[in-house]
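Note sheet for the following structure.
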Amino acid sequence: MPFYHKLGNIPPKRHTQFRKPDGSLYAEQLFGTIGFDGMSTNSYHEHRPTQVKAIKKQYSVAPKIAKKNHIQSYRLKGFQVKPENDYLESRKTVLINSDCSIILAAPKQSTKDYFYKNTDADELIFVHKGTGKLRTHLGNLDFKYGDYLLVPRGVIYKMDFDTEDNRLFIVESKRPIYTPKRYRNWFGQLLEHSPFCERDLRQPQELETHNQKGDFLIKVKKQDDIFEMVYATHPFDVVGYDGYNYPYAFSIHDFEPITGRIHQPPPVHQTFETDAFVVCSFVPRLYDYHPDSIPAPYNHSNIDSDEVLYYVDGDFMSRNDIDAGHISLHPAGIPHGPHPGATERSIGKVKTNELAVMVDTFKPLMVTEEALKIADEDYFKSWLE
Ligand SMILES: [Fe+2]
């Protein structure tokens, strides 16, 4: 998160004595990324956060790759992913490269018996269906339809769902996920031409502090293995923190679209960036207003990036036979564009209600066995007249 946040109680100066009412010291932890160069947070705990009692299990959750190298466009029917009770087991990686994983999940139940920590990657969780609360050791965030939840690597969390009907589109990123640099000034403030500003980014306001000892299971993901670690104190025992590294939420409905007289390129939809991929939000907007404009996109040859579109809601003007929950994968190396008839069909339209999330990766994505279970193998022929 590119701006400062403070929650709970902290001492006036960092790395100084901060005592509990009984006179003992709170345990300070610097929680940062990229060595000591990235964003960090200074947190104060009831107990030392280092008290490991046992490492009970280690098992791989690495996805099985079905197609390592390919040049085929795919459509994946995301809502065909079966709902599962457990949050972690419900997460199905469908596309992956060495920088990121694209995951679909339909969890039915809240995480009750364990906490989760991903040390491999930042997680960007897009809520397609469901409401609830993301509970973390750095505070809680309520979520609903359309929210992006950005959980930096290392944050210990649980997901509380209000109902069993939940659909999530998740991107795990080995590189930190930031807001686009071109929208920030040299102090980090979002500029006037940014499609969102700090007021749209929701910071945790509710801090859970549990001063408890016992057996607390944290499932820690590291190098695609889960380690089941038992800690001696409750992971949510922070009394206060400040800094820049904490989870936050941003609603896709708060993204203000940038429009023009002629078709605007995908970067105007950009919402997040990393060194290895971008995330864009396609939201309801007015179409291009040049008298001869063509609202449908032109064919384009993304020769060196893979394009993943996750369709959320509304009409998808440039595609035939695409529904909510579908993913289209247009791989690097070949052009793609509107389906037959879509270009003519778009002329004269003044607005769109489409809602979609796009992930463009700079390295090719591999297709997993989970993806092939929900894949339309003939999608690549759908541009034929
Ligand atoms: Fe495209």
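Every residue, even glycine, has its Cβ placed from backbone N, Cα and C.
Annotations in TrEMBL come from automatic prediction, not curation.
Note that the structure is a prediction, hence the values are computed from the model and not measured.
As recorded in TrEMBL:
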type	residues	note
DOMAIN	23-251	domain 'Homogentisate 1,2-dioxygenase N-terminal'
DOMAIN	282-383	domain 'Homogentisate 1,2-dioxygenase C-terminal'
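DSSP places the residues of the domain 'Homogentisate 1,2-dioxygenase C-terminal' (282-383) in helix, strand and coil in these numbers: 13 helix, 34 strand, 55 coil. Over the domain 'Homogentisate 1,2-dioxygenase N-terminal' (23-251), the average per-residue pLDDT in this prediction is 97.
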